[in-house]
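All remarks here apply to the structure that follows.
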Amino acid sequence: MLFLLSCLLQNYYQNKLRLALIGQSLFGQEVYTNLRKQGHRVVGVFTVPDRDGKADPLAVVAEKDGTPVFKFPRWRVKGKPITEVVEAYKAVGAELNVMPFCSQFIPMNVIDHPAHGSIIYHPSILPLHRGASAINWTLINGDKKAGFSIFWADDGLDTGPILLQRECPVEPNDTVDSLYNRFLFPEGIKAMVESVQLIADGKAPRVPQTEEGASYEGIQKKSNSKVNLAQPAEAIHNWIRGHDKVPGAWAVIDGRTVTLYGSSMLGESVPAGQPLEIEGASQPGVVTKNGLVLYGSDSKALMVKNLQFEDGKMIPAAKYFYSGDTARVELTDDERKIAEEIRGIWKGILSNVAAIEETTDFFKSGAASMDVVRLVEEIKQRCVGLQLQNEDVYMATTFQDFIQTFVRRLRGEDQEEEMVIDYATKDVNNMTVKMPWQCFINGKFEDAENGKTANTINPADGSVICKVAYASVGDVDRAVAAAKEAFEVGPWGRMNPRDRGTLLYKLADLMEEHQEELATIESIDSGAVYTLALKTHVGMSIQTFRYFAGWCDKIQGKTIPINQARPNRNLTFTKKEPLGVCAIIIPWNYPLMMLAWKSAACLAAGNTLVLKPAQVRTHTPAYITTDSVVDFIPAGGMVGQRLSDHPDIRKLGFTGSTPIGKQIMKSCALSNLKKVSLELGGKSPLIIFSDCDMDKAVRMGMSSVFFNKGENCIAAGRLFVEESIHDEYIRRVLEEIKKMKVGDPLDRSTDHGPQNHKAHMDKLVEYCEVGVKEGATLVYGGKQVDRPGFFMEPTLFTDVEDHMFIAKEESFGPIMVVSKFKDGDIDGVLNRANDTEFGLASGVFTRDINKAMYVSEKLDAGTVFVNTYNKTDVASPFGGFKQSGFGKDLGEDALNEYLRTKAVTVEY
């Protein structure tokens, strides 16, 4: 055994090198960590000195590991190497210098000293963009490809032979940050580690760089980063994004230097807004509710999200005319008279102020929240019909700014545009239902970026309901950007929690007002029986929003006693904070209810949200999506993957299959370690003992399997019936199955509607065929109903043995799978019930309370039903164990999925 272990260790450590890491930053830290994991020995780390008492990330992790760390401020003086520094470097005995990110000039006698020389990471496809601003120039020049090079260092500037290169496409609205986070950072780390191993194995190439196509661009300065607006829109866009965030591209507006951030290209349609003259532009810009529109010389348009003035103040570009730093609105004589009346109202409130000047600040003069209400109500009493809000006072705190806001309100210049919705309509169920079918991004419905659509199918007859947008990765990026802006600078992020709750209550009220329409859409879209859709799909959704609306102003931290550092005293408290932009991916079986379960908790916690419905079922989620803090992305190719990978999403909630859940979890970890909650597959056991209430066990057993056509995540995937009552139980269940009416889900007398879509129904038929082939007894059903649509016969299997496919795998359909167990064998049946990788739900029927409590304790599932089934409630946490996932929907526990805890310690 020791010999084998010795051989394994020798094999592991062969072809490993002694490395000196010269560099800094998180990138350097990750390269260092991963090289050590691969068995290489880092004999020295050479990084920059501490700044303001804080060590560089590379130094922090190296010092923690006990690796020698050197923090030389420089390696050369007047172009000559510092002898002491070079000698300290040579003493570590490195065989290779690895330079993942280095801002210092390293002497050639250090570069060439190791046996294998030195390798450097550079974020461009050399020989293109040599120099220190390679990523910026990749965007400024409008390159269609970005990438990085790992090369052998020589005495030139980024001119050494190439060891390895990787490339990726540049997306139309990529920024320096998005390129770095999506590709250059994660793939660069992997490539550095791969390069070192190639060198260790003697397989590293040295490909001389060609000078053909070579370019060198220096670091941009603020003085030469002014935007040339007399060029095509794409060139302007590239210039702005290439300078974002440093040094910042700028233009002259109203005679002042204004820096432009957050550029993106616009499509054909440009939203309405207020014109703005910009020096050097081919035509005036337009300040819209989404930002500042700029036009290129080709008349194409781009959007700028944020503006920064020379004093450092940054505002959303949409708020330019409200910033107090811009050209003022000229008042008419009548408006001046009203302004003086308002000055009198201010004076009445701010009685401690001698005179109300133009620069008098409402709050700095002592006003409080009650004074805001008084000011707004007094003005509204004077100007009947004026739409003035408390928020207007907080956004314009000086008298001159407030008058500007007031006048624009009075003129109606800044009224919200009426939302334009291109509904698909359908006359059905004695009503005309209207269904949005487009993406909903940044407060408006719009086509998918690629213009693609897909048909949604009515499972009751196979007919087309309507087309829906088929979203792309570009749509995801725009939706996430909008949600991020709404969280960081929009009113949602600053909203009082109680006001947030009021909005959620209002949403629930609106859903209740339109519940028959919602239930009708849910029925034709998913096949749910109308009465069930009305009570459960829609009814529980309304309850969920109301429940979490009540939580908005009750999210609290706590105070924590800690040891005092005498003679001082300490106070430690915690705060519960929203995470930021969240994404939820919902399944096709309960389109509306799953949206409510996840989004209500997410929004109550104060987050913004990007929603992806199932590709086959989108209509009810689209119907209730009408707020800019929720973006709706109908499923298209790679939409779910992009949500998992996106660096600006901080949490992803998913309900669906276990294999997809695993892939999502992996992607979320590799991208930015985003928080995840997963509600996945199930094979929920239901144990029926001989001392049960037979009538109830039959009724609830039927419901446990056939509820919502079996398309129910907690459906009883397998029933265990005690031997002495098995035959009687099967006889009575069979009688009930034969009474079930299969048919039109809009018919109020229907018990059992169509399966959700054809592919699923085909899988159910195949599932039954496998059961028969393995020897289970097909008592009833097992086939598609001979009629239009995707109807499956309610099915009953008995004599199901533990090894069979149908005993182990979830059907997600109307298929009852029954096994018997010996009388009195409680532990035996528990072992069989728990012999599954799933653990979502479970159930037991018995009149013996001791037995019920014992079994509920031993069942390995997130939910246990005793003498009932499917009894979920908005206040009770819901979620699974094992490969059924983790995290909770519903109840107070669900809020914690969308919150983070911050600890604050104060010394006083």
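Glycine is no exception: its Cβ is also placed from the backbone N, Cα and C atoms.
What TrEMBL lists as active site, proton donor is HIS122 (among others).
According to TrEMBL, the feature active site maps to GLU679.
Residues or ranges marked as active site, proton acceptor by TrEMBL: GLU679.
Taking a C-beta cut-off of under 8 Å and a sequence gap of six or more, CYS713 (active site, proton donor) has these contacts in its own chain: PRO587, ASN589, THR655, GLU679, GLY681, GLY682, LEU840, ALA841. TrEMBL lists CYS713 (among others) with the feature active site, proton donor.
Around PHE105 ((6R)-10-formyltetrahydrofolate binding site), the same-chain residues six or more apart in sequence whose CB sits under 8 Å from its CB are ARG74, TRP75, ARG76, listed in sequence order. Residues or ranges marked as (6R)-10-formyltetrahydrofolate binding site in TrEMBL: GLN104, PHE105, ILE106, ASP158.
Taken from TrEMBL, the feature NADP(+) binding site covers 586-588, 612-615, 636-641, 656-657, LYS763, 810-812. Around MET638 (NADP(+) binding site), taking its Cβ as the centre, 13 other Cβ atoms fall within 10 Å, counting all chains.
Annotation source TrEMBL lists domain 'Carrier' at 333-410.
Marked as site 'Essential for catalytic activity' by TrEMBL: ASP158. Of all Cβ atoms in the protein chains displayed, 21 besides its own lie within 10 Å of the Cβ of ASP158 ((6R)-10-formyltetrahydrofolate binding site).
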Most Cβ neighbours inside 10 Å, all chains, among the binding-site residues GLN615, GLN641: GLN615
Residue, out of the binding-site residues ILE106, ILE586, whose Cβ gathers the largest set of other Cβ atoms within 10 Å: ILE586
Of the recorded positions listed as GLN104, ILE106, HIS122, ASP158, the one whose CA lies nearest the CA of LYS763 (NADP(+) binding site): HIS122
Among GLN104, ILE106, HIS122, ASP158, which are recorded as recorded positions, the nearest neighbour of GLN641 (NADP(+) binding site) by Cα: HIS122
Residues within 8 Å of the GLN104, PHE105, ILE106, ASP158 Cβ centre (excluding the (6R)-10-formyltetrahydrofolate site residues themselves): MET99, CYS102, SER103
Around the Cβ of LYS763 (NADP(+) binding site), the count of other Cβ atoms that are within 10 Å: 14
When distances run from the Cα of MET638 (NADP(+) binding site) to each of the recorded positions GLN104, HIS122, ASP158, the nearest one: HIS122
Tally of DSSP helical, extended and coil residues in the domain 'Carrier' (333-410): 49 helix, 2 strand, 27 coil
GLN104 ((6R)-10-formyltetrahydrofolate binding site) and GLN615 (NADP(+) binding site), distance between Cα atoms, whole Å: 52
